[in-house]
Amino acid sequence: MKLLVVGSGGREHAIAKKLLESKDVEKVFVAPGNDGMTLDGLELVNISISEHYKLIDFAKTNDVAWTFIGPDDALAAGIVDDFNQAGLKAFGPTRAAAELEWSKDFAKEIMVKYGVPTATYGTFSDFEEAKAYIEKHGAPIVVKADGLALGKGVVVAETVEQAVEAAHEMLLDNKFGDSGARVVIEEFLEGEEFSLFAFVNGDKFYIMPTAQDHKRAYDGDKGPNTGGMGAYAPVPHLPQSVVDTAVDTIVKPVLEGVIKEGRPYLGVLYAGLILTADGPKVIEFNARFGDPETQIILPRLTSDFAQNITDILDSKEPNIMWTDKGVTLGVVVASKGYPLDYERGVELPAKTEGDVITYYAGAKFAENSRALLSNGGRVYMLVTTADTVKEAQASIYQELYQQKIEGLFYRTDIGSKAIK
């Protein structure tokens with residue numbers, strides 16, 4: 001069968017590469033993809049993620065069995081609804097179900113209504129009201145744009161002034177456009193963060209290994225928030241009992257809740273969680289795979305990925321299997337200046353061979369050669385599996401040291417929280 005993956009980043013590279021490993025898959029198209037993906041035998045399709053009807057025509061013309069939707073903005077724009085209306089299968093939630101991600105206020109309302117543990121909060125479109133709420137509750141406090149903001153719409157404010165400034169930028173300075181026309185302001189939760197993903201169809205769901213992402217740009221969790229600078233899975237120091245509690249108190253009630261609201265969920269659900277003194281609580285939901293977590297979760301899948309998704313789409317029981325070997329860890333290499341202004345056009349090192357996988361995100365061929373150049377904020381990610389976090393770290397950082405990259409940067413402490 002032939003499959004289509006929509007998106008262009010490292011997440012989509014990992015999804016498409018894993019699908020191509022399946023025995024029944026002859027071809028995986030990626031729209032629009034990036035040039036680095038072609039090194040793994042993936043076929044790029046020059047159609048933007050916003051051109052739903054061109055993508056639908058392509059899928060029909062090329063006899064695509066089903067389409068896997070990667071990015072949040074495509075889901076929020078109703079790409080799955082459009083595919084379904086055209087009689088095509090797509091793996092991802094409808095626009096209504098994806099509102100769990102594209103409106104933080106909606107997600108909060110669902111959590112409160114169905115008793116899911118999360119931070120106390122207020123939602124505001126008026127700056128003076130937001131300011132009064134911040135001044136009443138004090139800092140630290142968290143200010144979030146209600147809508148999608150490329151993972152950069154969250155400010156963890158250490159002071160009241162910082163929080164007021166963040167609210168001002170979103171509500172009055174239009175920093176995130178319509179996405180910041182409302183803000184959710186919530187209590188700062190103390191604890192360790194982790195990610196929990198599940199494949200979902202309605203009330204049936206299949207939990208993946210836990211993961212831990214590193215959002216801040218620089219070592220020691222310093223600097224601005226990014227889309228994510230590295231991750232590892234599973235989280236070795238997180239007891240299974242915590243995962244079981246999260247499933248019972250968070251995943252189940254939310255999925256049952258959206259069914260009751262007439263928005264049944266199909267696709268990947270991501271729960272960004274924090275383990276507090278009162279147990280796991282929700283920081284946010286995403287309506288799709290995380291980036292960079294996908295790149296360290298999918299290499300742990302030992303079953304046939306394409307068959308697993310086909311079964312879930314067909315409401316059959318999938319046979320999903322994961323390795324229990326050690327840990328999978330990955331480090332993102334980004335353009336200097338990311339997540340703010342950054343340069344493009346830096347020549348990239350050769351693709352890794354053997355146990356270290358390269359997933360490309362912002363990469364394109366030079367105009368007159370096959371040299372890969374940087375073409376985005378996050379450029380590529382190196383991933384490996386080893387018996388321990390320490391061994392995986394050593395393997396990745398040795399490879400990065402040998403690559404001697406200039407004009408790019410990476411964090412040198414990915415996974416260190418897991419080394420006691």
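Backbone N, Cα and C atoms are what each Cβ position is placed from, and that goes for glycine too.
The Cβ neighbour count for Ile134 (ATP binding site), using a 10 Å radius and every protein chain shown, is 23. According to its DSSP assignment, Ile134 (ATP binding site) is helical. Feature annotation from Swiss-Prot assigns ATP binding site to 134-195; the stated evidence is sequence analysis.
The Mg(2+) binding site feature in Swiss-Prot is assigned to Glu284, Asn286. Neighbours of Glu284 (Mg(2+) binding site), defined as other CB atoms within 10 A of its CB across all chains, total 18.
Feature annotation from Swiss-Prot assigns domain 'ATP-grasp' to 108-314.
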| said: Can you tell me the CA-to-CA distance separating Glu190 (ATP binding site) and Glu284 (Mg(2+) binding site), as a whole number of Å? | reply: 15
| note | Taking only the CA atoms, the spacing between Leu150 (ATP binding site) and Asn286 (Mg(2+) binding site), expressed in whole angstrom, is 12
| How does the model score the domain 'ATP-grasp' (108-314) in terms of mean pLDDT? | 96
| message | Quiz question: given the binding-site residues Val142, Leu150, Ala166, which has the greatest number of C-beta atoms lying within 10 angstroms of its own C-beta? | response | Ala166
| query | Given Glu158 (ATP binding site) and Glu284 (Mg(2+) binding site), what distance in Å do their CA atoms have, once rounded to a whole number? | reply | 20
| Set of same-chain residues at least 6 away whose C-beta sits under 8 angstroms from Asn286 (Mg(2+) binding site) | Asp72, Leu100, Glu101, Leu269, Tyr270, Gly272
